[in-house]
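Scroll down for the structure; my scribbles are underneath it.
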């Protein structure tokens, strides 16, 4: 009878434990939730994610991990992942710095300094992970033939701390990059406004010159200049609408517009000079002929005056 009661009690307790285990589902690790928040798909973040996944695998300290830790396989893999991450991060940072050109120098310098410090912290964290694994390999090789259980426990504890610090610094870097990107977007918008303000007077000046000189050179030239001015204004409006996303393209188009304005102004000046030369060639012969006729008339008048002034001979002797 006691055996039966004992069997029933064990069965009851086992059923209760099974219900408790089914009711409590494991929640994802806080680190995994935080990692998912800052990974937005940028190339440097994807590279850092590969480094992170490899570090999680190393932290399991499985038999395969322990075998590869005794060689240089793990450190070589980590080095390659570190280099890839820093390369992608540097490229992304350079891209943002190019977009920050219209921003004030003081603001750009401050953002660059903060981002550089955050990037250095992340690189130092990754370097600490690699250095700790190299140290572990040396310690294990020194204790060859002895128990390394204590070394593995210390390594596991240290790797957990390094992972937390790495995740914290990666999150900080991602936030600073977001601020950096917001500054670049704001600078691009300011740059568009500044470009429009600078080009507006140039376009208007070109239109006025075309109207003034074209009235001398002829009506067709004026019509061509006005049509070109209309096309230029339409082109500038089209460029202004797309500048926010393609600031580099706007810079190239600005240079092209300025070159066209200078070329058109030069052509107008040359046409005005040619017109002036034609006018001069028309009137110079007429002026010279008038001068010759005037000189001949003066000579005739002088001759006539001289003849009338001569003395008349007397008849008395």
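Numbering starts at 1 and runs along the chain as displayed.
Even glycines carry a Cβ here, placed using N, Cα and C.
What Swiss-Prot records for this protein:
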type: BINDING; residues: 162, 163, 164, 165, 229, 230, 231, 232, 233, 234, 235, 236; note: heparin binding site
type: REGION; residues: 80-255; note: region '8 X 22 AA approximate tandem repeats'
type: REGION; residues: 158-168; note: region 'LDL and other lipoprotein receptors binding'
type: REGION; residues: 210-290; note: region 'Lipid-binding and lipoprotein association'
type: REGION; residues: 266-317; note: region 'Homooligomerization'
type: REGION; residues: 278-290; note: region 'Specificity for association with VLDL'
type: REPEAT; residues: 80-101; note: repeat '1'
type: REPEAT; residues: 124-145; note: repeat '3'
type: REPEAT; residues: 146-167; note: repeat '4'
type: REPEAT; residues: 168-189; note: repeat '5'
type: REPEAT; residues: 234-255; note: repeat '8'
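Binding of heparin is attributed in the record to 162, 163, 164, 165, 229, 230, 231, 232, 233, 234, 235, 236, and the widest Cα separation among these residues amounts to 64 Å. Below 8 angstroms of C-beta separation, residues 31, 34-35, 52, 55-56, 58-59, 61, 66, 122, 125-126, 128-129, 132-133, 136, 139-140 of the same chain, each at least six residues beyond the ends of the repeat '4' (146-167), sit close to that stretch. With DSSP classes pooled into helix, strand and coil, the tally for the repeat '4' (146-167) is 19 helix, 0 strand, 3 coil. Residues in the region 'Specificity for association with VLDL' (278-290) partition by DSSP class (helix H, G, I; strand E, B; coil) as 13 helix, 0 strand, 0 coil. The residues of the repeat '1' (80-101), classed with DSSP into helix (H, G, I), strand (E, B) and coil, number 20 helix, 0 strand, 2 coil.
In this structure, 231 is the one among the binding-site residues 164, 231, 233, 235 with the smallest number of other Cβ atoms inside 10 Å of its Cβ. Across the range of the repeat '3' (124-145), the DSSP-based residue counts are 19 helix, 0 strand, 3 coil.
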